[in-house]
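Written out below as structure tokens is the structure these notes cover.
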Amino acid sequence: LLSNQTSVSVVSEFILLGFAGLQAEYFGLVGALFLSVYITVLVSNSVFVMMLLVEPRLQKPMYIIMMNLALADIGFCTVVLPKTVSRYLLDGGTISFHACMFQRLLVHYFANVNFLVMTTMALDRFLAVCYPLRYPVLMTNRIMILLNGISWTVSMIIPAFITTQMSQMPFCGPNRIVHCFCDTAFLYSLVCSNVSAQSFVFTSLVTSIISLTLLIITFFYLSIVVSVMRMSSSLSKTKAFSTCGTQLCIICIHYVPRFVVLTSPYLPNVKFDINHRIAFTLTYWLIPPLLNPFLYFFRTKEIRQLFHKWCSCAQRHVRRSQINILSVSN
């Protein structure tokens, strides 16, 4: 929709098209898939956060990190998936200009939160493995909460700057976004002026954040590997690698697709159409929120024990309710 202001057409809303060329007959299937993903992410991560909050045994630095990752995953999926589901199930692809700007702000905000929290996670494992005797002093719950609080705060700086800058750019049509959400790179292509400098700054900032956090994470985990290889006990080695292996899987899922998306335009022999870009984007945004709770459940003994305890309590409660109902009916 275009509105006339001083004889200049200004975009007041955008249309999210989702996957390019997708036949309408598949809309219901795709919408149902996104809806099931959202429900799974919301329920599994919410249960996970609840377990970490109410169980004193799990109120440790490592679990505080897990909780923050889960909250960031819930945040992103809530920002993106309801609109995506609406687009495919209710044909509600339109989004107002200001809502689009706010969505892209939160998309990049939660991305930065993930990067910084994963860096904190690597720091925590580095201290736990390389300085086990000093770890309880170096990484307390208070310090971990402070580090995560800083991550959530500073993550807003760059997205707020880019969003403020973009909201002042002239969008005079077209207003169709071939993506499942308000993708910044695609929005730059809709601006009615030369924004190559701004686009370059944005790409440079994103690449710098990803590269810097990845370098720090790589340093921590290489230090962990060196420290583990010096251990004499094979059991200690296995335990250390097992703990870090889960986190490395999550980190790879976050970083590898992002580098593919960022570097593909600059690789001459790589053909990367818009649907590939959307698919890779959804990979690093949706796969980690889906996998994280289950990875930590299967790989963390304390969480498994607590979950089984909750299930047993729920079963006993159901049995008591059934007995009470039968007693009343008799």
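Glycine residues also receive a Cβ, built from the backbone N, Cα and C atoms like all the rest.
The transmembrane segment annotation in TrEMBL covers 26-54 (among others). Within its own chain, the transmembrane segment (26-54) has Cβ neighbours under 8 Å at 18-19, 63-64, 66-67, 70-71, 73-74, 77-78, 81-82, 84-85, 87-89, 91, 286, 289-290, 292-294, 296-297, 303, 306-307, 310, counting only residues six or more beyond its boundaries.
Predicted-model confidence for the domain 'G-protein coupled receptors family 1 profile' (44-296) is 85, expressed as mean pLDDT. Positions annotated as domain 'G-protein coupled receptors family 1 profile' by TrEMBL: 44-296.
Summarising the annotation, TrEMBL assigns transmembrane segment to 61-81 (among others). Tertiary proximity for the transmembrane segment (61-81) is limited to same-chain residues at least six positions away from its ends with a CB under 8 Å from its CB atoms, namely 34-35, 37-38, 41-42, 45-46, 48-49, 52-53, 103, 106-107, 110-111, 113-114, 117-118, 120-121, 124, 128, 139-141, 143-145, 148, 151-152, 180-181, 250, 285-286, 288-289, 292-293, 296.
Feature annotation from TrEMBL assigns transmembrane segment to 101-123 (among others).
According to TrEMBL, the feature transmembrane segment maps to 143-162 (among others).
Residues or ranges marked as transmembrane segment by TrEMBL: 200-228 (among others).
The feature transmembrane segment is assigned by TrEMBL to 240-257 (among others).
Per TrEMBL, the feature transmembrane segment maps to 277-298 (among others).
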